[in-house]
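What follows is one structure encoded as structure tokens, with my remarks underneath.
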Amino acid sequence: MTKQPTIFMLGAGSMGGAVATAIRRSGIDAQNVHVMNSRPESTERAAKEYDLTPADSLEDAVREADIIILGIKPYQLAAQLPKLAEHLSADTLVVSLAAGATIDTLREHLGGHEKIIRTMPNTPVAVGSGVVAVMPADAVTDEETATVEELFAASADVVRVPEDKVHQVIGAAGSAPAFMFYVAEAMIDEGVMQGLTRDQAAEMVIATMAGSAKLLQEQGLSPAEARYRVSSPGGTTVRGVAALEEAGVRVGLAKAMRAAADWSRHMEEG
């Protein structure tokens, strides 16, 4: 990125804030990232929390932006996007974080604007270990898409996918952190049941989950290969894995991913 783009963030709540953190981590200066929330006091709070510049005027922020990031809720799009469309340059990239909002829907609310990139970030982006799926509209060039991908790259694995795969992304990445949290919670609770303190159980389970993910990333093993390496014949691990299979954990996780994907389709269909 030779010249820093000017970025306007419309909405910096939990996901928008995570993305703001990612953008600042990518090296974009605070004066080049303007933010506006629904109320002035909320705008000032977000600017301070994420080290951004508060936008004084929606019109000016839109006119000056090279990239606009939509961090507002999906139900706010119909009311807010026409306000942007009035001041939007044809070359401005509009990047949406909104679940369930298709490129066609965004284009309609933006008065036919073509330079749209739909994204699906997950919350670990806030700590530099997330995943972002990037889905550019046909009118967006590879160079423009790469510019947006670079904003996320310091905080996430960035995966470019066609828009028709967005529902699969929900289960594999978008909603997946909650599934991991659920598994961690169950293991911590059982550790307490077996006599560990909650702090001890939490420290061990969380560190083990993080370390296991890092091992897969750094050693390039498939999950099955990594599991085989620690599963001695007749040992404790194989018995534990057998208990997971008997309890239907594999099927339960598959159902969770499918349910998330199905609901994503339902949201998109309205």
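Positions of Cβ are set from backbone N, Cα and C atoms, glycine also.
Note: the domain 'Pyrroline-5-carboxylate reductase catalytic N-terminal' (7-100) comprises 45 helix, 18 strand, 31 coil (DSSP; helix = H, G, I, strand = E, B). The annotation domain 'Pyrroline-5-carboxylate reductase catalytic N-terminal' is assigned in TrEMBL to 7-100.
Within the same chain, residues at least six positions away from G13 (NADP(+) binding site) with a Cβ under 8 Å of its Cβ are N37, G71, K73. Per TrEMBL, NADP(+) binding site is recorded for L10, G11, A12, G13, S14, M15.
Regional average pLDDT for the domain 'Pyrroline-5-carboxylate reductase dimerisation' (163-266) in the model is 97. Among the features that TrEMBL reports, domain 'Pyrroline-5-carboxylate reductase dimerisation' is placed at 163-266.
In this structure, the binding-site residues under consideration are L10, M15, and the one with the smallest number of other Cβ atoms within 10 Å of its Cβ is M15. Here the binding-site residues are A12, S14; the one with the fewest Cβ atoms within 10 Å of its Cβ is S14. Within 8 Å of the centroid defined by the CB atoms of L10, G11, A12, G13, S14, M15, the record's NADP(+) site, lie the Cβ atoms of M9, G16, G17, V19, A20, N37, A46, G71, I72, L97, excluding the listed residues themselves. The helix, strand and coil residue counts that DSSP assigns across the domain 'Pyrroline-5-carboxylate reductase dimerisation' (163-266) are 89 helix, 0 strand, 15 coil. Sequence-distant neighbours of G11 (NADP(+) binding site) (same chain, 6+ residues apart, CB-CB distance under 8 A): M36, N37, S38, L70, G71, I72, K73, Q76.
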